[in-house]
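According to Swiss-Prot, the protein has these features:
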type	residues	note
DNA_BIND	15-54	DNA-binding region
BINDING	Gly89, Ala90, Gly91, Asn92, Ile93, Gly94	NAD(+) binding site
Amino acid sequence: MAEKIPKPVSKRLVSYYMCLERLLDEGVEVVSSEELARRLDLKASQIRKDLSYFGEFGKRGVGYNVEHLYDAIGEILGVKKEWKLVVVGAGNIGRAVANYTVMKEKGFRIIGIFDSDPSKIGKEAAPGLTVSDVSELEKFVEEHGVEIGVIAVPAEHAQEIAERLEKAGIKGILNFAPVKIKVSVPVENIDITASLRVLTFEIVRRNS
């Protein structure tokens, strides 16, 4: 797709997909942009603008066919493809990710987990998933065609791991380390502490 899609649009696209999934479960066949906006606390014009990046989906005065739009957005998001992942870092976060079974149900299959700690190497991190030495990371990624790397290492090691993953052919990175990493592949940063700070700010502001 030639046109560059703003990152906020991609995030909202995921919300649209999940909302449409719920609508299908409810047996809804047609939905308007106004109803989607109400459910997602957005403006209908924003939804229409976001969807226009990818083509024409609805009819003015009629709305969107829920199943058709759900399938179309799913295709855009790559949900029908099974994605291979590796986790680097077998600490609490890394093991939690490896044991999150919902990921496999949604098409994300973790096929390897790596660490540099000798006390963790060779131990089971999740059912059927044994911790490997991080020195084997590049070879594993290349041999298995891994597409997504999950970084769950201390901040001081995150950039190095990201660069190694990129050189090995990783297509995207999910970063749990509390530091921004710089690589040419797409990166999604998950900073739990930062999110909690935003939450506490809202709590304090609401109760002041």
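Every residue, even glycine, has its Cβ placed from backbone N, Cα and C.
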>> Going by a 10 angstroms cut-off between Cβ atoms, which of the binding-site residues Gly89, Gly91, Gly94 has the sparsest surroundings?
In response: Gly91
>> For a three-state summary based on DSSP, what are the helix, strand and coil counts in the DNA-binding region (15-54)?
In response: 28 helix, 2 strand, 10 coil
> Applying the rule Cβ within 8 Å of the centroid of the Cβ atoms of Gly89, Ala90, Gly91, Asn92, Ile93, Gly94, what extra residues of the same chain belong around the NAD(+) site?
Replying inline: Val87, Arg95, Ala96, Val97, Asp115, Ala152, Val153
> Averaged over the DNA-binding region (15-54), what pLDDT does the prediction give?
Replying inline: 95
>> Going by DSSP, is Gly91 (NAD(+) binding site) sitting in a helix, a strand, or coil?
In response: coil
> Hey, of the binding-site residues listed (Ala90, Ile93), which one tops the CB count within 10 A?
Replying inline: Ala90
> Far apart in sequence but close in space: which same-chain residues, 6 or more away, have a Cβ under 8 Å from Asn92 (NAD(+) binding site)?
Replying inline: none
